[in-house]
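Asks: Here's the feature list from TrEMBL:
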type	residues	note
BINDING	CYS88, CYS93, CYS99, SER335	[4Fe-4S] cluster 1 binding site
BINDING	CYS119, CYS123, CYS126	[4Fe-4S] cluster 2 binding site
DOMAIN	102-324	domain 'Radical SAM core'
Amino acid sequence: MMRNFLQRTWLNLYLNRYTHSKSRFENGPDLNHFLQEKKSNDYQGNLVLRKGEQRLRIPPWLKTEIPMGENYSKLKKSLSKLSLNTVCVEAKCPNIGECWNGGEDRIATATIMLLGDECTRGCRFCSVKTSRKPEAPDPNEPENTASEICSWDIDYIVLTSVDRDDLPDQGSSHIAETIRSIKRKKPNLLVECLTPDFRGDKKCIETIVKSNLDVYAHNVETVRELQSHVRDYRANFEQSLSVLIHAKEVNPNLITKTSIMLGLGETSEQIRETMLQIRTRANVDCLTLGQYMQPTRRHLKVKEYIRPEVFQELKEYGESIGFLYVASGPLVRSSYRAGEYFIKNILKDKHQKKQAAAVGISM
């Protein structure tokens, strides 16, 4: 009798443990739960690259979710089918899942890269392929790209391109025609264009500005002191600033935007001075600040991982010197969707004021 009692007791214990373990397995954390831990204050690891060290360990706040979701899969298939290039993929952007799926505002966005996937420049931070003689541009790309974009359920699109120093107009007319094609098919679709520096050629800049786009973006990439170390020898701070200045000169009402990467060895003073120059000299409206991430071992090493609270301080500083919008955070990139959501509201406000002025109503 005692033996039967013990057997039943052990069986019940086994079943209870099995049921509990099964429940934990079925309802417990999946891989994304581990990737979502992004604590800053608790992290005790080294954030600055010391002499002799090969690379820094990635802190938890830079680990992102695995891309998934219905809209992500739909966009991926659509882009692959039409052989459209995206900077999201080519530049290994960590926000690809968030942007393609849409977030709380439900704005799904993608950054389409025009003029092929080979760049004539060789910046030391960028993972896009480099070639002295890329393939000739596809003459059907502007129309095909516009048709596909306008079939998507989006209301904000970002266009960018590789540098094409090999072309007479550096590809500016090709980009402009893509913008015009989009606007013809879907006038209310907001278009942001992230352009190359066009070697400072004002005619190329004017071609883009006059194409009916909504936001003109060009990235200075890093602080003045690190330009020659980080960017291709044909690029520099003054040339990039001149692009943004001239875009505003051609159309003072155009929203302009630029981006700075942090963690390449710059100082806090250099960052703030660069931000001040961008705002006061070029009258740029929107700024994004994000952590530089080394794409491959062939690219520049990360010199420092910047804590999230430092990005918050820079955001507040940017707003204090007059930027309409500052997106600042470790995972923020130049085409970050949160910035697009805010810019959309800026554009909406501008359009309403323009319409009100046309009928003589003050706002």
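These residue numbers are counts, starting from 1, taken along the chain as shown.
Including glycine, each Cβ sits where the backbone N, Cα and C put it.
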Asks: Average the per-residue pLDDT over the domain 'Radical SAM core' (102-324) and send me the rounded value.
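Replies: Average per-residue pLDDT within the domain 'Radical SAM core' (102-324): 94.
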Asks: Near CYS126 ([4Fe-4S] cluster 2 binding site), how many other Cβ atoms are within 10 Å of its Cβ?
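Replies: So the number of other Cβ atoms within 10 Å of CYS126 ([4Fe-4S] cluster 2 binding site) is 22.
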Asks: Within 8 Å of the Cβ centroid of the [4Fe-4S] cluster 2 site residues CYS119, CYS123, CYS126, which other residues of the same chain have their Cβ?
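Replies: Apart from the listed residues, the neighbours are ARG121, GLY122, PHE125, SER127, VAL128, THR130, VAL162, ASP163, ASP232.
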Asks: Which ones in the same chain are close to CYS123 ([4Fe-4S] cluster 2 binding site), with CB under 8 Å and 6+ residues apart in sequence?
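Replies: Residues satisfying the criterion: GLU221, VAL230, ARG231, ASP232, ALA235.
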Asks: If I restrict to non-local contacts, at least six residues apart, and a C-beta distance under 8 angstroms, what lies near CYS119 ([4Fe-4S] cluster 2 binding site) in its own chain?
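Replies: Same-chain residues close to CYS119 ([4Fe-4S] cluster 2 binding site) (Cβ under 8 Å, separated by 6 or more) are CYS126, VAL128, LYS129, THR130, SER131, PRO134, VAL162, ASP163.
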Asks: By the DSSP assignment reduced to helix, strand and coil, which category contains CYS126 ([4Fe-4S] cluster 2 binding site)?
Replies: coil
Asks: Look up CYS119 ([4Fe-4S] cluster 2 binding site) in the DSSP assignment and reduce it to helix, strand or coil.
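Replies: Once the DSSP labels are grouped into three classes, CYS119 ([4Fe-4S] cluster 2 binding site) ends up as strand.
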